[in-house]
Amino acid sequence: MKIIILGAGQVGGTLAEHLAREENDITVVDTDADRLRELHTRLDIRTVAGAGSYPMVLRQAGCEDADMLIAVTNTDEVNMIACQVAHTLFRTPTKIARVRATAYLTRKGLFAHEAVPIDVLISPEQVVTDHIRRLIEHPGALQVLEFTGGLVQLVAVKAYYGGPLVGQELGFLRRHMPSVDTRVAAIYRRNRPIIPRGDTVIEADDEVFFIAARRDIRAVMSELRRLERDFRRVVIVGGGNIGERLAEHLEHSHQVKIVEHNLERCTQLSERLDRTVVLHGSATSKRLLEEENIEDCDIFCALTNDDEVNIMSSMLAKRMGAKKVLTLINNAAYVDLVQGGEIDIAISPQQATIGSLLTHVRRGDIVNVHSLRRGAAEAIEAIAHGDTQSSKVVGRAIGDIDLPSGTTIGAVVRGKEVLIAHDDVVVESGDHVILFVIDKRRIRDVERLFQVGLTFF
């Protein structure tokens, strides 16, 4: 696939890295020649220096015969104009744009072929807000991913010493919980992936990814770790787009406080939010945290654009008694360094956004992609089509499907029915199949499984 990426920042660069590994023809456009040189040295891609919204630059990048344009520069207007130019002058089939400003996102009908012709709109702030919201709804989870409109969830938790399932084989799970159907999709032990089998033994400190119907998630979590009580008192640092959206979602069911250093922004937040307490000050101030009784806080969310402020305020809050801290970290290289110590959960907004973009690049009928483990693994939702002669999955029991190495099927969703992927479950045409792929090099093989052909014999 020939893809043009506008913007060589964190998202654009990471996306180029993902797609270049998958044998795509990638061209990256940016005004920063130094950044382009760095990418070109590392990756097998073309680069073009220039403004991504200029027709001549798009032509130079190969827009005349490109399959897809992905506009992820830091400027909404550049992204929108680039999609308009690509549509009007080059008839580019698929145009994806990152748009941050709520002023654009709330205008119905703005993004349509007869208006601003963007086929797929990505709002990083909304993606990250939804990600944090799910973590707050599931205390103790490291990740919570949704599939098929929320019917199925894939949850990552850390197994704890003394947990009912620690030291037990996975086959014990079904016998121990006969009324709850679940499947362990993957285990990470000391950062190394393990493909689970019935005789795999769960060890303390394993990071366990399990899949279940939404209604059964808490029951399964209770077997792997101590269930934490629901979060009620939430402190948000940073009143930007993410902080405001999260507060707006939580304020009617939680006690929410926002700490914001900009006085004008504080005034805006106090006018827009109904029940949220808005505090003017610095979250790195020990005095402010003491005055707000930070030791009573159930979860402290540091969501500013400044990694240093987020990390330092989180560490301070944790030392002063906050029960859980969640930290937004824009520099992806820092995520592994800080998570697991005083910072309970570190979130990379770039990594969260990448999955939304990859969903629209995958071959076959792939409707949902989540990038995991800093891009090393993926969770995929694919729709099975065809029949026993044209499909490699339809009409076959899961135990008989020739899955690529390192790939597991976690669940099959048929209409509103959730079928956990035991070996005797037979896939039907139209089923949504949830897969976990621990090795990104196998993604193409997974896509081929769900591509319908005249025959595959």
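Placement of Cβ uses the backbone N, Cα and C atoms for every residue, glycine included.
Since we're looking at a predicted model, the values are computed, not measured.
In the record from Swiss-Prot, residues Gly7, Ala8, Gly9, Gln10, Val11, Asp30, Thr73, Asn74 bind NAD(+) 1; the candidate from Arg98, Arg107, Arg133, Arg134 listed for the same site is Arg98. Between the listed binding-site residues, namely Thr73, Asn241, Ser253, the fewest other CB atoms within 10 angstroms of a CB are found at Ser253.
Taking each of the binding-site residues Arg98, Arg233, Arg245, Lys257 in turn and counting other Cβ atoms within 10 Å of its Cβ gives the largest count for Arg98. Apart from the site residues Gly7, Ala8, Gly9, Gln10, Val11, Asp30, Thr73, Asn74, Arg98, the chain places the Cβ of Leu6, Gly12, Gly13, Val72 no farther than 8 Å from the centroid of the site's Cβ atoms, the recorded NAD(+) 1 location.
At the 8 Å Cβ threshold, with sequence separation of at least 6, the domain 'RCK C-terminal 1' (142-226) comes into contact with the domain 'RCK C-terminal 2' (367-452) through 3 or more pairs.
According to DSSP, the secondary structure content of the domain 'RCK C-terminal 2' (367-452) in residues is 16 helix, 33 strand, 37 coil. Taken through DSSP, the domain 'RCK N-terminal 1' (1-122) splits into 50 helix, 27 strand, 45 coil. The maximal spread of the NAD(+) 1 binding site, taken as the longest Cα to Cα distance among Gly7, Ala8, Gly9, Gln10, Val11, Asp30, Thr73, Asn74, Arg98, is 15 Å.
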